[in-house]
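Working notes for the structure below.
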Amino acid sequence: MIGIVNYGAGNIFSLTSALDRLDLPYGMINEEADLDKYTHIIIPGVGHAGTAMKKLDQTGLVAPIKALKKPVLGICVGMQLLTQHSEEGDADMMSIVPVKTRLFNKDQGIKIPHMGWNNITHKNNPLFEGVKNLTQFYFVHSYFIEYNPTFDIATAEYGMPFSAAVQKDNFYGVQFHPEKSGAAGERLLKNFSNLKH
Amino acid sequence: MLSKRIIPCLDVKDGRTVKGVNFVDLKDAGDPVELAWQYAQQGADELVFLDITATHERRGTTIEMVKSVARQLNIPFTIGGGITSVADAEALLNSGADKISINSAAVRNPALISDLAKAFGVQFVVVAVDTKFVEGRNMVHLNGGRLITELETEDWILHAESLGAGEILLTSMDHDGTKNGFDCLLLDKIARSINIPVIASGGAGRMEHFTEVFLQTGVDAALAASVFHFGEIPIPVLKEELKKHNIPVRL
């Protein structure tokens, strides 16, 4: 069963609706003891990464999350929380994946936020099982995770290549919103629920 | 590559879709949930609901509708109409709306844009602008084009961007309803002058109008209502046509 880290960063109605549509049961994680109740953990997140990190810190869940050995999926800002540092609020993140979250550079002639459907090239990670390469996912973000070949499992291009998805051990992160990415996004959520570590 | 978005717009009143919709297979054309789901199946990239519910007391039905839509829909959607405060917007966000669109409330109280952007992030805030060409100038209008303001469209949009708008939905009232094509000149000028996405609206009648607006202007998305509702332009056919012109679309 999936546990959703409930730390007050953004609305999770769309995520729980997607899980309902997929018949994937879930519950909420409010404190450390709740982490034991679930096999798979989702860290959602919308809004400001620095603020989100502060809120997560206040729940006391950072250290227990870092110690997890079960599959964890960070979505959007939830993914950025897995990184070392974010330029948004110049804030230290959880440092699970040693990469940085940076602001898109508008001097590259791109509009910010990066909003809409963009295609991804993935590296046959189980998270993307059954998802064709160059499938589009729905993105909406102004900060991105720098491309690092060691942790990148899916790449998108916006002004430059960036990581649409990363993995380190049992920790996964996706920059797009699977809950808003049509059938492909639903497939990804289903794949996550089937991951074993 | 980032795809150009195709966005059907639905008018809703008291939680029901209004305006005739002519879909085969549709059991209840007034049911926004079923209609939204159909559009998602057809390949719409996003939906906009314009709430024309007249009274504030009936807003509860809108909230319920937004929740029902969010439960079923696996693509993003925006809701506009009647949002005048951060509290209005928050209720919609918590009901599953991805973005809210504000129009006259932003003109009357520009600080609302920055308040919303601070509270929920710029990606949540769409500023809708109705424009009409009057005596050689593009002027912002309210009340569906009936009420002229003192704001020049270009200036207002720049101001809205600086306050924290995450996207501009620009409707040309001169083109709206004509089915003669989008206002490509103005749309291109606006899309070049700002650094946030622009949704083109007003004037779509034939498929080539979509090709034109994407080839001739820097807009990111095109919105239309009747050509989609009456099945005059099926979305899958439109997207194939756009692809033929090397316009990036989601198929």
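Cβ atoms here come from the backbone N, Cα and C positions, even for glycine.
TrEMBL lists A:CYS76 with the feature active site, nucleophile. DSSP assigns A:CYS76 (active site, nucleophile) to coil in the three-state reduction, outside any helix or strand. The Cβ of A:CYS76 (active site, nucleophile) lies under 8 Å from the Cβ of A:PRO44, A:GLY45, A:VAL46, A:VAL140, A:HIS141, A:VAL174, A:GLN175, A:PHE176, A:HIS177, each of which sits 6+ residues away along the same chain.
DSSP classifies A:HIS177 (active site) as coil under the three-state reduction. Feature annotation from TrEMBL assigns active site to A:HIS177 (among others).
There are 28 other Cβ atoms within 10 Å of the Cβ belonging to A:GLU179 (active site). Positions annotated as active site by TrEMBL: A:GLU179 (among others).
Among the features that TrEMBL reports, domain 'Glutamine amidotransferase' is placed at A:34-192. For the domain 'Glutamine amidotransferase' (A:34-192), the mean pLDDT of the prediction comes to 96.
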Cβ neighbours of A:HIS177 (active site) where a neighbour is any other Cβ within 10 Å: 22
